Amino acid sequence: MDDSPWPQCDIRVQDTFGPQVSGCYEDFDFTLLFEESILYLPPLLIAASVALLRIWQLRSTENLLKRSGLLSILKPTSTTRLSNAAIAIGFVASPIFAWLSFWEHARSLRPSTILNVYLLGTIPMDAARARTLFRMPGNSAIASIFATIVVCKVVLLVVEAMEKQRLLLDRGWAPEETAGILNRSFLWWFNPLLLSGYKQALTVDKLLAVDEDIGVEKSKDEIRRRWAQAVKQNASSLQDVLLAVYRTELWGGFLPRLCLIGVNYAQPFLVNRVVTFLGQPDTSTSRGVASGLIAAYAIVYMGIAVATAAFHHRSYRMVMMVRGGLILLIYDHTLTLNALSPSKNDSYTLITADIERIVSGLRSLHETWASLIEIALSLWLLETKIRVSAVAAAMVVLVCLLVSGALSGLLGVHQNLWLEAMQKRLNATLATIGSIKGIKATGRTNTLYETILQLRRTEIQKSLKFRELLVALVTLSYLSTTMAPTFAFGTYSILAKIRNMTPLLAAPAFSSLTIMTLLGQAVSGFVESLMGLRQAMASLERIRQYLVGKEAPEPSPNKPGVASTEGLVAWSASLDEPGLDPRVEMRRMSSLQHRFYNLGELQDGLIVLQNHTASWEKASKPVLTDINVTITRGSFVIVIGPIGSGKSTLLHSILGEVPHTTGIRTIQEVDTAFCAQTPWLTNTNVRDNILGASHFDPAWYNAVVKACALHRDFAQLPHGDRSMIGSKGILLSGGQKGRLALARALYARKALLVLDDVFAGLDPKTGQEVFTSLFGARGLLRQGKTTTVLATNSTQNLSMADYIMVLGSEGRLIEQGTPTELLNSGSSLRLEELVKTREGKSKAEPERERPEYARALRNSVLGATPVAARRRFSDMAIYKLYIRTIGWGSWWIFIVLCSGFVVALTLSRENTLALPSACAGVDLLTACLEEIWLKFWTEANARNPHDRLGYYLSLFAVWSALAITFFLGACLHLMLRMVPKAAKIFHGSLLQTVMRAPLVFFSKTDSGEISNHFSQDLELIDMELPRALIGAVIALILCISAMAVIVYSSNYLAATIPGLLGLLYLVQMFYLRTSQQLRVLELETRAPLLSHYMETIQGLVSLRAFGWSKHFKDRHHGHLKVAQQSAYLLFCAQIWLTLTLDIIVAFLAIILVSIAVTVKNSSAASIGLALVNLIAFGANMKGLVYNWTALENAMGAIARVRDFTTETPCEIQVGESHSPSPGWPQRGLIKFKSVTASYDFTSHPVLNDVTFTVQPGEKLAICGRTGCGKSSLVSSLLRLLEVRNGAIEVDGIDISTLSREDVRMSLNVLPQEPFFYHGTIRQNLDPNCLSSDEEILETLALLGLREVISKKGGLDVAMDDGFLSHGQQQLLCLARAILKKSRILILDEVTSSVDQETETLITRVLRDRLQDQTVISIAHRLNTIMDYDKVIILDKGCIVEQGNPQVLALQRSIFASLLRSGDEEPGNGHKHESEGEEE
């Protein structure tokens, strides 16, 4: 006899498909046949099939675990009386699962996903079967077996879910990689980071490791290969490449999104079932139905939580991979760009603004197709509830979708216009930061400030049309939410009254309202995802156009990789040879197998040019014409010629960098090193700059350091050669930067060395020492038999060359040969330069002064130890700062409009209560809202069908119209008034801070960090903040109102509110401490990536010449991995918060339904209202989290801007705001009175007790060895240094009392490094528009530039990189100085980069046109200052000698010694020509 406590059910009932049993168990159970055929067999068959495939896959992988005993537990089989097939299949599947468990354990990092999903899914099904069997007569034994099976499965699930980090052979795996399906579903692996961030400050080292997919380690080769194939096949669709590479991650989001659709659309059925249940009287089945409804709500809402988290997780992973892949492609292509390519600077916008738009757009990629499915489902479900009336809602949706589709097409167009304007502003800003020293020196900060502000205003103006379209699209998305219920319910009610049908009652009304809530979410999701996708596609197209740009140069002769170390050639050096160590071995490049880039025979020539013509632009006049030359191995070749003759272009031609050439260029494949005119340095320490991509060899390193005369500089550095040099080595002297770049080229030990005017900026003695150490008979390069090509403007030391090439002004080779051949042929070169012996200059006196920058920055960034940056968390102060920026009045208008929208939406959709604080007139409004409109309407219909239909319907429509009006007003006010105002103010504050920062600040702060403020931070403030702000504000108000309605509709639920608020407070406190730090880290880790990118752009030619492209790719990838890591973990933090809040909503749903179905003391309409609001609450909570996290991110950018503007020092001090009288200085009298100066008040002085006087009209020369303080003296006069003691007077006025900008604008300065604005020739020559065109053209003609400028387009042509050679740029600066009227002229080595003819021209112009001005000139070429009135000799920041140069030259003076060494001056040209400019 059966002992079952439940009523018996006949087997004939259980043998039907059902699925619901009938006639027993209170009709609340499945039939046994349904359970076996649906709940048991399909999951078993699917799991077994997938298990076999997985076993086959795992067999080909390697073992990942340590050897250990493996306990395999076979799944117990079960039998039933109804299905032998179930027994057989279960029996067969059991060993398959055991086999799979073994292979998964040994060959997989994670616990078996298949087994975990199967066990987790079938345990509830088996429990249901066990319950059914227990209720069957005479089946207690089988039921007990099934109950045992359920227990065993639970045990197996626990065992299979156990992770195996401790058993792995390699412990370096990321936590996510080893996490099981349950761990990943609930993000348990992320909890340690949250705990760590809660307890302590996070740094990059403390972040969780992420897998190689996120770091783009796995996909980098594939995406490069596929893109190369696409370009080669002229099928360069970037979208297709991304789909092919990341298809797995893309498809990975489909399943969880489909599951999310399923559980979301179970909600209307549940609402309808609960409302119907509450409207029915209690029966014998009520208890079972109530329990089933509670369980169903638990399953659905927990399913929503897990599916949402899984979907977002997969989406974010895909987005991060795409982000990393695109940045890699952009960087790779940048490495191939021509040095003068204008797009290389534009690419900065691509990796900042465009990438962010792509990330933002692709995050909602799956919403596009999912929303369409949800819209279709919603309309179908709505049709089942309100029949033909659903057509009205469908028409509203259709109109919104069609208009949205049409408008979204314009979105990409106007976004590109905005981005182009942003690109111009960023390029000008980056150029300004890069030339800040020259800009400050010339007093052009105000001019540049206004110029960039105007570019910002133009950018904001360009963005307005885009913002208007954005507002229109967002409004359309809300239009369907507000108007669809009005049209649907209105149509239903009218038709019901006309046809005398059942009126609108609670069950269909609230289930329909639930469906329309989901419909509104779907339409909003589609429109927003469409907007994001359009923006992403527009940015992808911009990136694609950049990647397919035909701007790559010809292949360089250099072989990629580091220098070969084969073929060691021993050499020795005598101790009297400067800079050489006799213990060092010189490694010469092995003779590589010959490969030719062009046809022709090399014979003995390493480089052969035949009829070679070269130009930088295809349609322009050739820079080089008909060049024929052969350069043999091991030779030292000097290339000379006047400025603009094409010397730099010839060197670039040898390197394969000139894009347009004709003739034959034959170069043997050799490893090459290159030194550009502008020394290219990276923001690392001194040693790393010298090593580059080479390995450290102490002996060779020391030999190179001595040869470049750097060892004495190292001795004065706070940390020796481990001292940081700052961005571009900003406070290094020109000579020090040049020698550092030269040392890098020497250390690389390349077979071919190409030098472009590298001795410029060196004082005669230091220059001669380095020159002899390299090219003397026992010089470093001579001993190594290195082929060297040196371009210079100087004719000094020509006798030491093996071969000389003389270029004419038209770019033709007018003379060439050995010094002897040129001497015998009657060369135009000076005779004495051709007959000097090569050994006569080996006794150069070493320079012994302490470098001025070492003294100045002993305690600065050069010696700083990197520390973790402070974390500034966004707080209420940041929000208040933003509100103050836009204005409190504007803010309250925005809040009132948002509140009006929510109140109107409340009454139109009838799903919330307005809070008294929402607006004024509280009493009246509260009285009107005491009963909710739809609840009131449906209850009235239940009492009196169709009564006062017009009243209810008209107010319904009014509230809908008001809602959309308020929303449109809020959006327009935000986007067109608040955002532009904030954009202008924050940018202006940043720019003003940079312009007012002291010069030393730029040596302590990485340029990438500064640039990050102007790109990423402003991008967040401009774009992310407004979208997040309006979304967060509205979602917050809706959440509060929805919660109020839920409590109002279910009194018992009010008891949970204190606990809910406490829980939310704990969650946000726990979450915020970590997420805020992650947000700051995410922004901070971008700075090294951007800095590295900018350094790469600046050194493109050098990178390719050295063959270091791969090394820099690897370094870039390292920075990218760190940036990806922090960004991905920030996304994971947001997913964790969404999951947590969804689980809280699930518990609320369970509590609400449990109270409703068990107590049943509320009306069906009230509970329906509460359930609809619960759905809205969940959706709005997600919207709040999504927008709030984005808002916090943007507020983090504002916090960074605030910190930057408040913590950056300002060079303007108290008491120096006075302005000089107009026309000051009128005389030009300069007095230094015991001046001691330093870069700031905390660093070591660079000038000590300097006293001298320059009378009006006198010409003063400042001389001395490199680093002696010459530039510091001039900088102190220009107020770039801080005068700690003494005073500097100009025309009797202490300049420390005057505005720094006024002082600089009143003086006339020709800086060592020419700089130009991003504007026309006219704007650069006459920025204040004080000269006529005739005066400008006359000045240009005086300097021989009028014809050059005319050929390039005249005064109104825009200047860009490579517009003029460096020497021509220096002449253009001189023209600017002539046009500027000032009594004092400051010259900083203005003749160092020009040939003798141009030097004579400059000297004559200075004498004839500026004879009445007081002149202070820094000079290395002492022959140019012999007619000066006075000369000052500096050493270690002190005046060691002063007097008339002609008098001192005849005495046994320091000046006479320098003058004699000046006759031995090496090739002195200027060092600051950009790599792509031709000389």
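All positions are counted from 1 along the displayed chain.
Positions of Cβ are set from backbone N, Cα and C atoms, glycine also.
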If you check Swiss-Prot, which of Asn500, Asn1187 turns up marked as N-linked glycosylation site?
Asn1187
May I ask which of the stretches 258-535, 607-835, 1230-1461 has the most CB pairs under 8 A with the domain 'ABC transmembrane type-1 2' (932-1193)?
258-535
Among the ranges 251-271, 291-311, 391-411, 885-905, the one whose Cβ pairs under 8 Å to the transmembrane segment (469-489) are most numerous:
391-411
Sort out for me which one of Ser645, Thr1266 has the most neighbouring CB atoms within 10 A, since those are the binding-site residues we care about.
Ser645
Counting other Cβ atoms within 10 Å, pick out the least crowded of the binding-site residues Gly641, Gly1264.
Gly641
For a quick check of packing: other C-beta atoms within 10 Å of the C-beta of Cys1268 (ATP binding site), how many?
26
For Lys647 (ATP binding site), just count the other CB atoms lying within 10 A of its CB, please.
32
Give me the count of other Cβ atoms within 10 A of the Cβ belonging to Lys1270 (ATP binding site).
28
Looking only at Cβ atoms, how many others are within 10 Å of the one on Ile643 (ATP binding site)?
25
